[in-house]
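So the structure is just underneath, and the comments pick up after that.
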Amino acid sequence: MNSNISAQNDSALNSTIQNGTKINQFIQPPWQIALWSVAYSIIVIVSLVGNIIVMWIIIAHKRMRTVTNYFLVNLAFAEASMSAFNTVINFTYAIHNHWYYGLIYCKFHNFFPISAVFTSIYSMTAIALDRYMAIIHPLKPRLSATATKIVICVIWSFSFCMAFPLGYYADVYPMEGGDICYLNWPDSEENRKYEQVYQVLVFCLIYILPLLVIGCAYTFIGMTLWASEIPGDSSDRYHEQVVAKRKVVKMMIVVVCTFAICWLPFHIFFLLQTLHEMTQKFYQQFYLAIMWLAMSSTMYNPIIYCCLNDRFRIGFKHVFRWCPFIRAGEYEGLELKSTRYLQTQSSMYKISRIETTVSSVLNTNDEEAEENGKSSKRLSLDLTSNGSSRSVCKTMSDSSSFYSNNLA
């Protein structure tokens, strides 16, 4: 897979070499240049502004610095980078049909944007796995801030390794209509095994595998949060936390589905192009259309966050409070409350739930001891320190010492 417009120029190069000429077949008329200029400019502006605001909302507010949001910062940075370093260059390349930037940037242009695509999808995968551990296995250790940063570094390292062949084999070829940046694979045109193997490998690692992992994780999460009945304490606060947890999962499912839809035509196109080269007249317009769809994935996430998350919405309203038709509302929603207050409130709520559970357990044991002596089971939701629902887990009614340990 190639992340830039050099794919169309690969076909132009191969065709012109076979015909013994050096004429660029993909010169565009002015009206097409104008349309693509507007289309790609929208992506760049919305993506850069939106993702920078997302990073600011999370980094500048302590209340937003959670494991999931750290990965969202990484995702926003990857998408902003892809928009800045890839979309802008493709825009100018499509207008002038000439590579002005030399061999070094040709290699970087093929290498870094693909690294960003890898990082984007694996950041989503990390978020899905973190949500899975938090909700399905709440008693297991969670990622710390340091561990999260290490995972992010591992994701980028893996992304750089996977994108290395694109940077290594990128080359500049002089043509009469202008230089082109293309991938000069070591095998011949008749035997394109290197390219074909790489395309299939990338398709599996950047699309199929992570989406399978994400799909399985959110399936189990959905079964826990929606399919399971929530017994026990029916306080408003308790159910508000469950609803909040569901909203986060819904938001991330929308983000992943958007990414999958935007990038599917792009991956299919490159697989087909690898197996059968296309040099038809409509090739360039078709390529630019699916490239625009793929690149547009970088601008949707900030919009999704703003629509589906209250805190992100507050942050966006605060940034655009200068607009006459936007009411900023209460900016304090992003600020951190007193840590002592939050801990006290959480502890009191947890103690109340523990006392209710223990009382219910003892009463149940007294009633059933005369009949069969069997211990009953009940479903309870373990709560995190901030009051959010962690998971539905089974606890034996006769293990009252478990609750005592948690209380301590």
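Glycine too: its Cβ is placed from the backbone N, Cα and C atoms.
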*Candidate set ASN9, ASN386, annotation N-linked glycosylation site, source Swiss-Prot, matching residue*: ASN9
*If you check Swiss-Prot, which of CYS181, CYS204, CYS216 bonds to CYS106 via a disulphide?*
CYS181
*Using the annotation in Swiss-Prot, determine whether ALA60 and LYS140 are placed on a common side of the membrane.*
yes
*So what pLDDT does the topological domain 'Cytoplasmic' (222-250) average out to?*
71
